Each structure stands twice: as C-alpha cells, then as structure tokens.
C-alpha cells in the first residue's frame, strides 16, 4: 500500500507547466526511472519501524528487478511480490501454504456471509466464521431468531425475527414458529408476559403462571408485596427507615444519621450556648 501511494505521490512530480512537449518527454523518462524508484523506496518505512526497514533491505533487489524489468508483465505488485515471489501472502479468497480456495470459492468466500479462516494469508484452514444470523459450513443457513428472506443458488440472506420470536418465517410477531422466553402464543401472535410473571398464558399480571419474587397473587393477579408493612420488620437496624419498591424494598438511615453496620447513629446534640464559642474563629470584619 505504501509503495502504491508512493507511485501516486511521484506521478506528476516533474510536470508543472511551461514547455509541455519537453515536460511530457521528461516525465516519460522519469516515470520508469531508477530515480523515481529510489524516491518511492525512501518513503516506504518509518525510521523507527525496524521490521519494515529490515525487509526492505533484504528485498530491495527484487523490487528493483520488478520496477525496471517486470512491471509491464506483472502490473500487480502485491500479487508478484507478496504472493508469487516472497510467498508470505495469498490472493484474497484463498488461504494456507498452497493458497487454496476458501470454503464457498475464492470469489465469494463463505457465500459473502462470513470470514474465511486464513483469508489472504499462508495460514488458517479455510473454514467459515459466519456473521451474526448465519450458520452452516458455507454460512447459508439462518440461526434461531432469523429467517431466510432470500435464498437462491448464489445468495442467502437471513433477516432478524421480531423480538418475540425464537424461530420465525417472517418479520412480525404473528410469524413466529416458537415464542422467545418471556413471551407466549396468544390468538396467533406471541405476546409478552407481564414483568411480574414467571411464565404466563397471556398478557397482563392476571395471566401469570407464577409470580416472581417480591410479588404475590392477590385478587387473581400478581401484585407487589409491601415488605415495609409486614409484621416481621424488613429493616432491622435501629432508627432505620424502610421504603417499598416494586418487587423489593430499601433500608435507609434518616438524614443526618451516621450509618454503621448495626445501627443508624443519631447526630450528637449541639450544646446550647449563647454568643460565639471561645474556639470560634474571628469574623472577617474583626480580621
């Protein structure tokens, strides 16, 4: 990439107006000159990049041979230098020591729905790591929570179900094959159980199978238990206040009280004295 950028940066270097015919002749010579190559090579590596500089020093003759003799026959530097000559990379869509085609083929690895292990390198095993929503060896199948909105010989597209569906055949809560946990099938659609329910037969707190902790069945539906009004005190520290919350409660010391592990300690009563205390600092005016 740095080499290609160097070619772009030096493309018009000696072409700045004036005698056009002379400049075009000069530019033509410069375009494939060793001078231009050296200018490109100078910009390839940062001075602190030891690995880059070491590689450049070791492979400079290869780059020079490509530039002066092979560039017209092999215009793709990456393919000639990295893949064919150094054999440290593979072409996109291929992997491993022998640059074999990824699963699904090198043109559209993993059907375009995943990443090929080792893609573009001499490593990996060519297997597919599917994107979210896809599964299968070629990433053409849909995971639970997704349905196939397009499937033909070349493409497979999986689209997310409605949040109420564990499996589905379409976008709405009426297209569910199976409801997600916390939802139930009611009149052909998956509806959400009330937040007070552990399992339900329909919407609302009156259709709970069981009540969650902090709620109890009252008049046929799950209602919040007021722990602060129970006979057995919920908050046991001395002077502590109890505040009911939906499904639970909180214990809080009154304002000004110091909180300890065993009690809420009242603030020390100030001594009633008249006038300023002997230890009190003088006022700003006195200063």
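Glycine residues also receive a Cβ, built from the backbone N, Cα and C atoms like all the rest.
Automated prediction, rather than curation, is the source of TrEMBL annotations.
Per TrEMBL, the range carrying the annotation region 'Disordered' out of 244-265, 266-287 is 266-287. Ranking the disulfide-bonded residues 130, 139 by how many other Cβ atoms lie within 10 angstroms of each Cβ puts 130 at the bottom.
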